[in-house]
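K.L.:
Among the features that TrEMBL reports, GTP binding site is placed at A:23, A:24, A:25, A:26, A:27, A:28, A:29, A:30, A:69, A:125, A:126, A:127, A:128. The feature Mg(2+) binding site is assigned by TrEMBL to A:30, A:47.
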């Protein structure tokens, strides 16, 4: 029995969830995390860097790895101690012209073997300043990202606003329930 | 891809497979057949075993699967007795689920129909297979949880359950685990109080324990107690806690015998659970005893025991007040036997005295694991984080050298775990900035330089936590301007990539990347580490990598002057001649401008160097040679006699590394005193490979070329040595040796090396010489450019290109193609194509033969080589078939005139050769060639080779006949018999002499085996004639 298998078992027992927060630059990833942590969201400069924060929610410790939109992502998928449970892909509802760019990046990320089986939460951020038909927007994004063709990934698509906090909790609820569904049915 | 990711990707498909298999195994379909059930069970087992890395992925279907298992069992087995095989198979299915997902979890999916208790119990007690008992006991353990008095169902039911569970607790078989679950659940019932008292008082006392010699029984009892402590209440256990503690304490403290790990594991788990009960009872004395007992196990040899103890201690710590927790932590650190100043705990203690070579590795591992667990549970104060940090600062680099390996990677791994836990669980304000900075630097060094891949990866994962959670604070402490902090974070994580760390060579190159991409971050630390420990590492490869890394780090910055670093190392070498220093000096010397330093000081430095080739490690000699090479190359260093003696002493060590360094040194050695030139040749004559291989770079070759040429013909010398000498000649020729008179006059002798077929008990060692000769000619085509040379070479290459050994024939063919005129004749095919398609290869050769008007001698050489491929007993069938079929295919397009000419040449090889009288290797080779040729011809005529009518086939009869005269070579005679038979059957009148010869062989040949073959041939002739 190695140290790693022990740590992984404990991770399960202690409800530690690892989430990678990804998306194009300026999609609002850091604002979402700060909003969830009830931190000040008024002045956030672009995240070129990388931050880890832990959100405690419904008895789970959700470790969010917020990775700047312009980083090379490969090195973050996996590490010695733990693997990724969820990808949260953040889109900017006010920047829909970048949808194709989003798809290219998204597709590239999902080809990574080490992400096989992880859950996917797609958040359409800045919905508070979007005045179109939300349902149609969701359908368009579902088609563009070819979500229905995904295999081995459970997924969910939510409109949200880091600014108003709308639907952020629903996102967390989905993560937690998916995790429970996967690991704590019995 | 790791196992977990792998299973995630295919889990849905596997679940479908399991679903399908169950329909057959559980007889849910009407068209079942016994055979397919057995096969299907194997499919099911294969599928479910793949869930081992992530068994939770079964959960979405587990309940459904197990309900079906139960349904099928009730329908087909529970009330029937006919089908034992099905019973066992269904039980096996259940066992597989329990094995992968855990007994407790699967038991939660079982139905609790109270009416089934009696029948399940009855069946469980009667079953012969352990799989069935396992299944039924687990099921029964669920059924008996029903909230009704069991005695009301059947007065004797409690007795029966107790007895059956107890019986199988002791077997040590796989159903013991199920029996233990059953017993624990039974004893947890309100109406089982008497049984509970009985179980503990009767079996858990010192006397009973001493008398119980069966380890399996003890494990069964302990596992039941452990389970009971999980599910029973304090009230139910209150009267038994002291008894359990006393027994375990006595057992642990009994010095006369050490319990096996399987028992200790339960002792530890039980002690952990007991302590929580004692805490509720406020019996702190007992807790203290438990902690003292547990501390002892931190130095147990078994990792599982150490980790189990660490977990229990931290669990106890979680429930204690901070003062008591501190006591435990102090006891832990005291176990390390390091002089730690607790009073100065708030201060980071960077220079903690700890000698890696003498520490108790297992104790350190145990203690570090426990500290890590305390960190993970956030049980550390700031002071204790500092203390843990101070310890990790040293233990991250612990390595203890044993005779053939080094220990301590578990200590380094646990140290990474401690750091990871600290950075993950504590906020910026809770960790002293000094600890963050120091551990950051340590972890970077470990990521780049640890010899163990897993430790490098562990350190980099720890750095991810550190940078992700405390990056801003860290880089501020390191005075990185705030606008660059984000860039530093990302770049650093990118550089310490999981894949890059996987290659030790790449990971040693990371410091220069960090320097270049992150404004010289940690430059001094890297250089200091490499100087103080990297270049002197115990591990030879790491020493060399460190030395290269040091050179790189010194060269990329103006902060360091190579000469100063060398001077420092020279001073250290003077004090202590540690392995690796000379190598580092040598590498750094290459950074100095040529002849910039007075070389005389180096004579003094190495004047005391000695090398005992019997006892010293080769690496000691290697680095000495490496240093001399750099000194000679960079500083024009002149080797004195002492140094030359040492060099000749070192090269007696037969290692490739030594040879390579000696070759490098030889390139720069200009004037070699006569005494050493003679010694060099003396070494060569006595079989020293390093001196033979390096000779080509040395002026000694020029002076002694005649001797070298003679040595090449000396068949007493080892073939490998002669091959090395040819390599050396090749190098010498390339290095302006084309004017050397000896070699100009001795060219033919050099070319004749292509004819070396020395055979020893190691096989065709002459092939080394032939290969070296081919390479030599290839590299020096201009030297062998006269018409005579060309003819002599081509003739031989035609033979070599047709031979059996792939590496000889393909090299030879390449050389042939590279020669003027031949290149245009050969179609453009790759080496790999030639290698994998021998028939095509032989086809090309035959085409070449047809297109060229070869002289008789060259043609003969060609067919000599071809005969080996088409008929040698050494050739594999694939080669023989390829050569023969290619010949037959080519035969179809030839004119009769050409066919006759070709046959005449081939048959001429069967005649008495000019070298037949030679009893040496050439004679033997000629004989072999003839036998191969005979076999080749035999293969052809047996495949009905169409012979032109005008050809005098009698010549084959005569040749074959002659080859049987006076021969006792069984192989040759067998082939001759086959040819004689074939010829006779072709034309009995013309070849009546064949039959006569066969009759003579059958009657008069001295070898019985030959007689028998000839007799068989005559029978065949008789049979065919009657037809």
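Note: Cβ is positioned from N, Cα and C throughout, glycine not excepted.
Have a look at these and tell me how they're positioned relative to everything else.
P.N.:
Note on residue A:29 (GTP binding site): other Cβ atoms within 10 Å of its Cβ, all shown chains, come to 27. Following the DSSP three-state reduction, the secondary structure of residue A:29 (GTP binding site) is helix.
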K.L.:
Work out the three-state DSSP category of residue A:23 (GTP binding site).
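P.N.:
For residue A:23 (GTP binding site) - judged by DSSP and reduced to three states - the answer is strand.
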K.L.:
Quick check for the class: what is the C-alpha distance, in angstrom and rounded, between residue A:126 (GTP binding site) and residue A:30 (Mg(2+) binding site)?
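P.N.:
About 13 Å separates the two Cα atoms.
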K.L.:
In whole Å, note down how far the CA of residue A:30 (Mg(2+) binding site) lies from the CA of residue A:23 (GTP binding site).
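P.N.:
Distance (Cα to Cα, whole Å): 11 Å.
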K.L.:
Which three-state DSSP class does residue A:126 (GTP binding site) fall into?
P.N.:
coil
K.L.:
Give me the count of other Cβ atoms within 10 A of the Cβ belonging to residue A:30 (Mg(2+) binding site).
P.N.:
25
K.L.:
How many other Cβ atoms sit within 10 Å of the Cβ of residue A:126 (GTP binding site)?
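P.N.:
Excluding its own Cβ, the number within 10 Å is 23.
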